Structures are given as structure tokens and as C-alpha cells.
């Protein structure tokens, strides 16, 4: 492992990631549940992707959106968790300057895209439940294609400046990052330049994007709840509430943790440093591990598709 750099004049060529500065001895114990969650997330999302790709009956707009969500989850897990486990298991804390900013870009980009995908999926469920007769004419393959373009375009416009703003800074306050990942504010705090604009941009962009997505999701599920409560069939209300409720709780966890991370990164001196670090790791593991179960395995068509796939093997 490379030694920390304290030379304020030498250009930084790599950073050292210090996970849980106050609980270093706990890292080996923490690695086991993280490894299990990582394997669950990768296995479940890969299975869902393959099933939707190979099962012709699942070639529908909703399942295309599920495929996009699974792909985003896989990339997010692979971007963050292997490096975290390498730190825990082998003490491989160094990360090169380009690799750090590449990780930062992918994390910001794919988290932004995932938030937008949740919003599009909430709209899909709103149309399916509140306007079922119009669903085939509104939620089409063309709609999904336009939604994907919107997700990517919005991400490029908003997320790309984050690593660019950090990469342009001069780093002269050492190379030790008190985090397990290269988050924007954790890295920029090592700069000897003024980072006020970086902090302001992340705060405004984070609250604007995630807040607007969450508001639209809440509105969609509010209309869904209103329609569901009118259902007279026995057991139908409980089933619908169970399905939509689990969707909404998972989305709420995803969005709330992101917004909390924006706040804790800006108020780091008032909050124990290990709290946002743990939240960051769990945020890259729990939603990817649960998304395929909540959105996929609990769906009758997905379960049937997996069974058909297993029969072919």
C-alpha cells in the first residue's frame, strides 16, 4: 500500500481510501454481510436481465424498464463494492487519480439515472392502474425509448459537471480520503482551492433532481392509492397495497438516503464520519439486492419466465 502524501507541492497521482476511521477493527466483520448482499444483488439482477432477454412474453415496456433498472444496479455494484471489499480483505486502499474520478462519474451518473428510472416506472404503474384502457396506447416501446433517452440526457446534463468540478481543483491537503469511495465532497475537501461552488452545485442539483423525482413518485402513488381503495373485490385491495406499498417503500429508501447523504456530506463536522460512509455503502447494496425481488420475483410473469428458463437448461 502506498504511503500517505503530505507534500503540498507534489501533484496527487493517487488517493488512499480510509474506510470507517473510527471503527477500523470492525471492517473484517462487516465484509461478510456486505459480500452476501453483493452476491445476492449481482445474482438476482443478472437472472432478471437474462430472463427478460430470453423470454419473449416479457418483451413489454414494463419489463424493458426493469431491465434498465437491473443494468444500472449491476454497474453501480461493480463500481463500488469490489473496491470496498478489497480494502476490507486485503488492505488495498490506493486508487489512482483517474480511477477515482471515473468511479465518481459512474456513481453520480447511474444514481441519477436510477432515480429517474424509478420515476418513469411509477408513471407506468399510474397509467396501468388509473387508466388501464389507455395503457397500451400510452406506454409503448416508443415511450420506453424516449424515456431512456431522457434518462441519459438528463444525467449527462446534470451529473457530468460533478467529477469535472472536482478534477479541476488543485490537491495539496494530502491524499487520504476518509471514505470507502470517491465521493465528490470527500475528494474535493482535500483541495487547497475554494470548494464552495462544488458544495453548492451538489446540494442544489441533488435536491432539485432527487426531490422532483420523489415528488412525482409520491403524486403517482397517491393517485394509485386512491384508485386501489375503490376496489370492491375481496382481497384485491390488500394485494394491490402489498405490491405498490413495497415498491413505494423501496423507492422512498433510495431517494431519502441520497438526500440524507447530500446533507451529511455538507454537515460532516456535526455528524460522526462513519455514518455517511456506512449509508453510502448500504445505498449501493440494499436497493440493488431488493429491486429484483420487489419488482421482479414477486411478479407472476417474471416467476413464470424464470421457470421456463430453468426448464430449458
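From the backbone N, Cα and C atoms, a Cβ is placed for every residue, glycine too.
Annotated disulfide bond per Swiss-Prot: 100-192, in sequence order, evidence recorded as sequence analysis. Among the features that Swiss-Prot reports, N-linked glycosylation site is placed at 6, 184, with the record citing sequence analysis. Here Swiss-Prot flags 1-28, 79-102, 164-199, 262-276 as topological domain 'Extracellular'. Annotation source Swiss-Prot lists topological domain 'Cytoplasmic' at 50-57, 124-142, 221-240, 298-313. The annotation transmembrane segment is assigned in Swiss-Prot to 29-49, 58-78, 103-123, 143-163, 200-220, 241-261, 277-297 on the grounds of sequence analysis.
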Highest-contact recorded stretch vs the transmembrane segment (58-78), from 29-49, 200-220, 241-261, 277-297, CB pairs under 8 Å: 29-49
Any contact, the transmembrane segment (29-49) to the transmembrane segment (241-261), with at least 3 Cβ pairs under 8 A: no
C-alpha spacing of residue 100 (disulfide bond) relative to residue 184 (N-linked glycosylation site), in angstrom: 10
Residues that sit under 8 angstroms from residue 100 (disulfide bond) by C-beta distance, when 6+ apart in the chain: 14, 15, 177, 182, 187
Dominant neighbour of the transmembrane segment (277-297) in 103-123, 143-163, 241-261, by Cβ pairs under 8 Å: 241-261
Within-chain partners of the transmembrane segment (103-123) [C-beta distance under 8 Å, separation at least 6 from its ends]: 62, 65-66, 68-69, 72-73, 75-76, 79-80, 83, 95, 147, 150-152, 154-156, 158-160, 162-163, 166, 181-184, 187, 209-210, 213, 216-217, 220-221, 247, 251, 254-255, 258, 284, 287, 295
Residues in the topological domain 'Cytoplasmic' (124-142) grouped by DSSP into helix, strand and remaining coil: 13 helix, 0 strand, 6 coil
Beyond the flanks of the topological domain 'Cytoplasmic' (298-313) by at least 6 residues, Cβ under 8 Å: 47-48, 50-52, 54-55, 57-58, 63, 66, 243, 246
Residue with minimal Cβ packing [other Cβ atoms within 10 Å] among the recorded positions 184, 192: 192
Where residue 184 (N-linked glycosylation site) falls in three-state DSSP terms: helix
